[in-house]
Amino acid sequence: MGPKGSVDVLGEKIVNNAGRNNHSDPVSEFILLGFPCTWETQILLFAFFSVIYVLTLIGNLSIICAVWWDHHLHTPMYTLLANFSFLEMWYVTSTVPSMLASFLSETKTISFMGCFLQFYFFFSMGTTETFFLSAMAFDRYLAICRPLRYPTVMTVQRCIRMGACCWLCGFSCFLLPVYLISQLPFCGLNTIDHFLCDPGPLMKLSCVPAPATEITCAVFNSVLIFSTFVFITSSYTLVIRAVLRVPSAQGWRKAFSTCGSHLAVVSLFYGSIMVMYVSPTAGNPAGIQKIVTLFYSVMTPLFNPLIYSLRNKEMKEVLRRLFRIMISGQGQPLKH
């Protein structure tokens with residue numbers, strides 16, 4: 001298949017759909033435009049994102065294995081981190097495999113049900129990530145600002161319950177937006193200028209204007225994003241105030257290093273999702289939407305293992321010993 005053939009097939013399908021009556025048969029599938037370009041460029045993008053995907057899985061899986069095998073890492077902080085890494089693996093899996101398949105596809109179609117399933121799982125895992133970032137900020141607040149109460153307040157059992165609550169709430173929150181958008185009438189054009197089923201482009205395809213649904217989703221996103229963001233920044237503000245009272249310069253460096261890493265992830269993730277989902281959808285051009293979505297959905301899961309864990313001396317040492325055990329073929333638990 002040549003580069004021109006691929007573009008012509010997709011273009012013909014889009015033109016045929018454009019000729020449909022706006023009130024004809026209901027839409028049964030959508031076309032995800034993704035990144036329209038030559039066949040050679042799509043192959044390069046396929047190779048690039050395949051490498052990114054594999055590295056993301058390896059990085060996050062390494063953290064999970066390290067926490068699982070080393071009993072010294074069976075602490076609330078690392079339990080939350082392992083959950084976070086597990087979440088990141090599924091978060092990137094909800095979009096990248098379908099995006100890779102579209103690079104090699106002529107039609108780039110996705111079924112109506114498949115589109116809304118991707119919508120639900122992608123945004124549910126994104127919501128769960130905001131809750132885990134909040135839980136990790138709360139954990140650091142207790143550890144630094146309430147060190148004497150920390151062992152009794154943040155037990156491993158309570159940490160597990162907190163993690164379960166993050167998963168449950170994250171996958172419950174987006175049921176309403178998904179339901180509202182799925183009930184819109186889709187009977188005309190079915191071409192989404194995106195690489196995933198995003199609520200903004202989906203609502204634009206509705207046969208009738210849906211200002212109430214759009215405002216409801218915007219308010220929902222704003223409350224969710226800003227409430228967790230304020231909680232996280234408040235926690236780290238209290239942590240920084242407590243650190244500034246510590247007379248030891250070494251204590252300052254250690255605390256600021258940990259909080260700096262966490263705040264870097266929070267800034268990257270929240271900065272991009274605020275651009276996308278806090279403002280009404282009409283304000284973001286398609287190209288900007290794709291770039292910003294790529295950043296928080298593909299690149300941040302790659303960076304998070306580096307920012308959160310590989311700068312941690314204890315985690316780096318455990319990973320070194322874990323890789324040595326794997327290379328030597330020994331399956332024993334790690335020991336200090």
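Backbone N, Cα and C define each Cβ position, glycine as well.
Just so you know, TrEMBL annotations are computer predictions that nobody has curated.
TrEMBL annotations:
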- 43-69: transmembrane segment (TRANSMEM)
- 59-308: domain 'G-protein coupled receptors family 1 profile' (DOMAIN)
- 81-104: transmembrane segment (TRANSMEM)
- 110-138: transmembrane segment (TRANSMEM)
- 159-181: transmembrane segment (TRANSMEM)
- 223-244: transmembrane segment (TRANSMEM)
- 256-279: transmembrane segment (TRANSMEM)
- 291-310: transmembrane segment (TRANSMEM)
>> So, taking each listed stretch (81-104, 159-181, 223-244, 291-310) in turn and counting its Cβ pairs to the transmembrane segment (43-69) that are under 8 angstroms, which one gives the highest count?
In response: 81-104
>> With CB pairs under 8 Å as the measure, which of the listed stretches 81-104, 110-138, 159-181, 291-310 comes out on top against the transmembrane segment (223-244)?
In response: 110-138
>> Let me spell it out: take the transmembrane segment (110-138), skip the flanking residues so only those 6+ beyond its ends count, and list any with a Cβ under 8 Å from a Cβ in it.
In response: 27-32, 77, 80-81, 83-84, 87-88, 90-91, 94-95, 98, 162-163, 165-167, 169-171, 173-175, 177-178, 181-182, 186, 192, 196-199, 202, 224-225, 228-229, 231-232, 235-236, 262, 265-266, 269, 273, 296-297
